[in-house]
Amino acid sequence: MNWAFLLGLLSGLNKYSTALGRIWLSVVLIFRVLAYVVAAEKVWDDEQKDFVCNTKQPGCPNVCYDEFFPVSHVRLWALQLILVTCPSLLVVMHVAYRQEREWKHRLKHGPNAPSLYDNPSKKRGGLWWTSLLSLIFKAAVDSGSLYIFHRLCQDYDMPRVVACSESPCPHTVDCYISRPTEEKVFTYFMVATAVICILLNLSEVTYLVGKRCLQTLGPRHQKSRCQGHLPDTCPPYALSQGEHPQDRNSVLMKAGSATVDAGVYP
């Protein structure tokens, strides 16, 4: 697989991410993708060829290897990295869709037409839901992968010798795993980085939801406070002493313009 292409795509995600998202992206690119490409693939490159059993029975080593390693670690890690990084690309595609829609809107209504979005990359509306669901999906994929590794590796351990009695082995034979200590170290490293990524994803979910709640409840709280301080019988405008009733329309226009100005978002 061409991992350089994936690295190029993920680097464009940096400008659309929060601070926690940038940290997650750095952990994925440096400690997971590069570690996988540089070292992990070479460690498990010849794992089945070097899986040796103390018997010459044809087919016994293959059956024993499949018994203890039903899924290759390196291929499962590759699948995990692809599933974890693809939802982040959906955020980039959603921002590109917004920019394309904004460009078509300006092309149709002229350059002075009001914008559809204040900032196409700002996480509001559908883009907020895309970001939230992508974070939940990434945390779920990493959690599921850790559970699979836990079941396959027996508490992430890599024994030096395993006993196998599967057919067509003539009796219980001992099989030896190549470089078990090195494989154990890389297994612990990949598991630790996956746990860090899960914590970062959950922290970003908490940040997005908390920020959205503050944005939603903040204006309502201020509005309720203003309504509590002003009596219901108080008119929206007041005439000063000496002001003629015919000036009441001008006062209403001033009050209306002040209300419109106060409701405009920056």
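Keep in mind that glycine also has a Cβ here, set from the backbone N, Cα and C atoms.
TrEMBL: automatically predicted annotations, no manual curation.
What TrEMBL says about this protein:
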type: DOMAIN; residues: 42-75; note: domain 'Connexin N-terminal'
type: DOMAIN; residues: 141-208; note: domain 'Connexin cysteine-rich'
type: TRANSMEM; residues: 20-39; note: transmembrane segment
type: TRANSMEM; residues: 77-97; note: transmembrane segment
type: TRANSMEM; residues: 127-149; note: transmembrane segment
type: TRANSMEM; residues: 186-210; note: transmembrane segment
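With respect to Cβ pairs under 8 Å, the transmembrane segment (20-39) is most closely packed against 186-210, considering the stretches 77-97, 127-149, 186-210.
Sequence-distant neighbours of the transmembrane segment (186-210) (same chain, 6+ residues past either end, Cβ-Cβ under 8 Å): 18, 20-21, 23-24, 27-28, 31-32, 35-36, 39-40, 43, 73, 77, 80, 84, 123, 128, 131-132, 135-136, 138-139, 142-143, 145-146, 149, 153, 156, 158. Cβ atoms under 8 Å from those of the transmembrane segment (127-149) belong to residues 71, 73, 76, 80, 83-84, 87-88, 90-91, 94-95, 98, 121, 156, 187, 191, 194-195, 197-198, 201-202, 204-205, 208-209, 212 of the same chain, restricted to positions at least 6 beyond its ends. Secondary structure of the domain 'Connexin N-terminal' (42-75) per DSSP, as helix, strand and coil residue counts: 14 helix, 2 strand, 18 coil.
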